[in-house]
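> After the structure tokens below, expect a handful of questions from me.
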Amino acid sequence: MTDPVKTSLEGRAEPSASATEKNALYRKIAFRLMPLLVVCYLVSYIDRTNIGIAQVGLHQDLGFSEGVYAFGVSLYFVGFILFEVPSNALMARIGARKTLLRIMIAWGLVTIATMFVHNAVMFYVARFLLGVAEAGFFPGCLLLLSYWFPSSRRTRMTAIFFMSIPVSGIIGSLVSGWIMSVFGGIWDLSSWQWLFLLEGIPAVLLAFVVFVMLSDRPAQAPWLSDREKAIVENDLADDQRRKAMKPSRKGGLRQALSDPRVWILGLGACAAYTLANAVSFWTPRIINEAGIDDPMLLGLLSAIPPVFGIVAMQLVGRSSDKRLERRWHTAVCWLCAIVAMVVLSFFLHSPYLVVVLLCVMAAAHYSGLTVYYSIPSIYLGAKSAATGIAFVTAMGSVAAALAPAMLGWIHNVTGNISLGLVLSAAIIFLGVLVVLIGISAKSLREKPNQALRDSAE
């Protein structure tokens, strides 16, 4: 018995599928892809940030000063920025499986090799190479989602992927602290050496799991039937045609640099990463300066904001997909963060109010970031997305490198972080203007067929 057919926008026959069937199909795809991507990004985030835990051991054993540590952190972002766009452009050519295999093996080996550093120069080289190795992983995963999910479902998938960020912040601190406290001295290795060794191995092992389990495109997935492949590819094709925007320019670095849309998105990413660093790097310090000195209580209170971030990501992501609206969802999230940051700057010595405001900031950060990073693939179109997303992420990484230094310098000069919070809020407000004024509603207009709309609801 043949499948019922309907006519697509181009007049070709395609399999007819109900909303229930499509929901089941995309759940199947999500259960196959998302757990793997989430675990991989969790490992990536831990390997990137474990230097904060290792810093104490590096200072004690090798005499690294705060300046050496800070410069090493900055060099990571230099390598990351320089190789972000080429790495993602390569993924568009050779596919996700080969690209992620290369990236994950490289960053795992560099993380392991960091255990052998014994002077500042070696430390600098290791951090730079880690940035080079990890470049392309984050935007590559976002690009991969655009190959599997139509835009009406993509924000929710992006939210699930981004959920690994707050989760890794909690898990990474606990695991790294445990390694540092238990393994020091075994086989004459310092605790920080064990940290890099044990946290670098999972990336190498996961690389081969990804290579075996992942498929570049639906058409290449052996775990989908021919009918399921056709449904997904028809949804993606119709999704591209329904975007009310001009035809995409040919992808490539030169085209990305000359495309004003990419620069607009990059400016928005700078705002997003400024908020990210205010939340990620300063939450424990702000709580500590509010009068919480007990390490256990400080750790517990620092773990609360990411929990609110996880919940907000799912709620806002679902709302954005249901309404097919991205700009105002992003802007409102960032405006909430701005209000919380400004209020926080006046109440830094009220510990529990500080925690409440940090929860608002975290919820606004994670949910706003989720929706914002669903915009580039819609705004730029399929041909420009690979290079464009990578360049947008690279611009955001510049802010990621500069924001902590800015807040730290202001803190040293003024004695507190109040002015730094207000200045960060001003930068984020510019991001709100970029989203609402620089990106037109028409360019993001999505008009899925009824089955897709029912599925999103």
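Keep in mind that glycine also has a Cβ here, set from the backbone N, Cα and C atoms.
Sharing the record's features from TrEMBL:
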- 29-47: transmembrane segment (TRANSMEM)
- 33-443: domain 'Major facilitator superfamily (MFS) profile' (DOMAIN)
- 67-87: transmembrane segment (TRANSMEM)
- 99-118: transmembrane segment (TRANSMEM)
- 124-148: transmembrane segment (TRANSMEM)
- 160-180: transmembrane segment (TRANSMEM)
- 192-214: transmembrane segment (TRANSMEM)
- 262-283: transmembrane segment (TRANSMEM)
- 295-316: transmembrane segment (TRANSMEM)
- 328-348: transmembrane segment (TRANSMEM)
- 354-375: transmembrane segment (TRANSMEM)
- 387-411: transmembrane segment (TRANSMEM)
- 417-439: transmembrane segment (TRANSMEM)
> Would you kindly check 29-47, 354-375, 387-411, 417-439 and say which stretch has the most C-beta pairs under 8 angstroms to the transmembrane segment (192-214)?
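Between the stretches 29-47, 354-375, 387-411, 417-439, 29-47 has the largest tally.
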> I need to check the long-range neighbours of the transmembrane segment (262-283): which residues 6 or more away from its ends have a CB within less than 8 Å of a CB in the stretch?
169, 256, 302, 305, 330, 334, 337, 341, 358, 361-362, 364-365, 368-369, 372, 375-376, 379-380, 384, 388, 391-400, 403-404, 407, 417, 421, 424, 427-428, 430-432, 434-435, 438-439
> Look over the recorded stretches 99-118, 124-148, 328-348, 387-411 and say which has the most C-beta pairs under 8 A to the transmembrane segment (67-87).
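Answer is 124-148, with the largest number of Cβ pairs below 8 Å.
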> Counting CB pairs under 8 Å, which listed stretch among 124-148, 295-316, 328-348 touches the transmembrane segment (29-47) the most?
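Comparing 124-148, 295-316, 328-348: 124-148 has the most Cβ pairs near the transmembrane segment (29-47).
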> Looking only at the recorded stretches 99-118, 160-180, 328-348, which one has the largest tally of CB-CB distances under 8 Å to the transmembrane segment (295-316)?
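When the Cβ pairs under 8 Å are tallied, 160-180 comes out ahead.
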> Cβ under 8 Å, sequence separation of at least 6 from the ends of the transmembrane segment (124-148): give me the contacting residues as numbers and ranges.
29, 33, 37, 40-41, 44, 47-48, 51, 71-73, 75-84, 86-88, 90-92, 96, 99-100, 103-104, 106-107, 109-111, 113-114, 117, 154, 157-158, 161, 216-218, 232, 236, 373, 376-377, 382, 385-386, 389-390, 392-393
> Grab the same-chain neighbours of the transmembrane segment (160-180) for me: Cβ-Cβ under 8 Å, and only residues 6 or more beyond its ends, written as numbers and ranges.
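The answer is 30, 34, 37-39, 41-42, 45-46, 49-50, 53-54, 56-57, 141-142, 145, 191-192, 194-195, 198-199, 280, 299, 303, 305-307, 309-310, 313-314, 362, 366, 369-370, 373.
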> Same chain only, please: residues at least 6 beyond the ends of the transmembrane segment (99-118) with a C-beta under 8 Å from a C-beta of the stretch. Say none if there are none.
40, 44, 47, 50, 62, 87, 90-91, 126-127, 129-130, 132-137, 140, 189, 192-197, 199-204, 206-208, 210-211, 214
> Across the domain 'Major facilitator superfamily (MFS) profile' (33-443), what does the pLDDT come to on average, as a whole number?
80
